[in-house]
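Residues annotated as domain 'Major facilitator superfamily (MFS) profile' in TrEMBL: 40-491. The annotation region 'Disordered' is assigned in TrEMBL to 256-281. Summarising the annotation, TrEMBL assigns transmembrane segment to 36-52, 109-126, 133-155, 161-189, 201-220, 226-246, 298-318, 363-384, 396-421, 433-459, 465-487.
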Amino acid sequence: MGSILEPESSRNTKPPGIRFVECTKKSNISFKSHQAIVLIVTFLAYASYHASRKTTSIIKSALDPQTPDESLQSVAFLHRSNALQWVLGNGWAPFNGTNGTGLLGDLDLAFLFVYAVGMFFSGHIGDRMNLRIFLTIGMLGTGLFTSLFGVGYWANIHLFYYYLIVQMLAGLFQSTGWPSVVSVVGNWFGKSKRGLIMGIWNAHTSVGNIAGSLIAAYFLKYGWGWSMVVPGLMIAFVGVLVFLFLPVDPESVGVNQDEDESGSPKKQGLSQHLLSSKPDNEKGKPVGFIEAWKIPGVAPFAFCLFFAKLVAYTFLYWLPFYISHTAINGEYLSNEAAGNLSTLFDVGGVVGGILAGHISDRLGARAITAASFMYCAIPALYLYRSYGHMSMSINIILMLVTGMFVNGPYALITTAVSADLGTHKSLRGNSKALATVTAIIDGTGSIGAAIGPVLTGYISTRSWSAVFTMLMGAAFVAGLFLTKLVVAEVTAKCQESRGGSSGGATSSGAVEEV
């Protein structure tokens, strides 16, 4: 038996759960069935990653019952501090002090910084290691350290550095997830309709956020420790399912892609290189870190995602806290109610991810779609801050719209765009770049994701309006980074409309041309 550092495809072994199913039914599982298994297992895997990641945003108000958002309330109403304290509770030292919000921001920074740095290494390792084993280790480690954060509740731990170290280690194991699942899905699906397929599949992010919010909010009444331990146990359980059932690529389970859509002459192209069964020596060596950065389109999309994830993760980590500390129609919501309400942002995100993927497929323009969504997010953010507190119905509508425009480009770039670039024509069919390219793009974005929440932790103590101004500026800059690619896609479309290009425009637009 080979080492786990050998690529799965070189060993031609099947996951134990697949072998058991085939032994039971006494026949091999078809290619299409394997694709379905891949979509379901990777969906559950990354949904559980996000569910365990979302929990800290739900328990923030339990740890730090900060003063309410004063900028939207009358002076008379603000004097109802006793009522607010009854709703939010007394907190948990050391987070319930005057610098509690800043400490919570430091936890977010520590988690996301280690996550971002770990992402670059995870992509490099993922292209050289058995992804099923790699993903399993990451999920079990994530479950362990997420649970250890909650153990602090029963162990009566009030040492800030305990929670800091646990969050850093959780972030390190979390970094294994995204490069692995995108690489596996990219190994099984060609480029045709990739934006729509991955847009639907990427709903795991929002589904995980929603599930994490609801589970954490539900268990909050029994003690905030349960809000961490239960999601931690859940991701560990799903990690076992990944070990048992996840086929990394067609070669690893000995199936061919005859049933795949890439068999159509009109749909052949780069997806052939991704799915065709070739000897390993024809697939090329794993792409180096610097070489991956030089792939056309990687840098603009990576820096765009830096600012897009800054916005998205600020909502991920601070929206429940913002809601619980902002009176809606004159009333404050409990921690549980605020956590439940915040899930609507992710409902809008599901719609945005699917819509962005579908539009980019139809237009053949990833950059135009992503930039348009980012620019539309600016007025959505302004409206939510200015009018979201007026009534519950207005808050819900504006939250849905904001979630759609904020998460749409984030989902598109981290899925379809990453997979497109990981199989870029400049690689000449080398399929060993998916995890590295995905890690570069999402790792760069995760640095922005680390900066946004920690800045919010400090800026919000002075003004939530300043926080939203920061988010609108970030959305604008994200769109600007795609300007060159947008111009290239518009130029290609103009040439195509004049009949100058019968097949030059591909489904990835500027990803292929620039």
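The backbone N, Cα and C atoms fix where each Cβ goes, and this holds for glycine too.
Please treat TrEMBL annotations as automatic predictions, because they have not gone through curation.
Not measured: the values here are computed from a predicted model.
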For the transmembrane segment (226-246): best-contacting stretch of 109-126, 133-155, 161-189, 201-220, 396-421, by Cβ pairs under 8 Å: 133-155
Maximum Cβ pairs under 8 Å to the transmembrane segment (109-126) - stretch from the list 133-155, 161-189, 201-220, 298-318, 396-421: 161-189
Beyond the flanks of the transmembrane segment (363-384) by at least 6 residues, Cβ under 8 Å: 195, 300-301, 304, 308, 311, 352, 356, 395, 398-399, 401-402, 404-406, 408-409, 412-413, 416-417, 420, 468, 471-472, 475-476, 478-479, 482-483, 485-486, 488-490, 493, 505-511
Contact yes or no, the transmembrane segment (201-220) and the transmembrane segment (396-421), 3+ Cβ pairs under 8 Å, gap 6+: yes
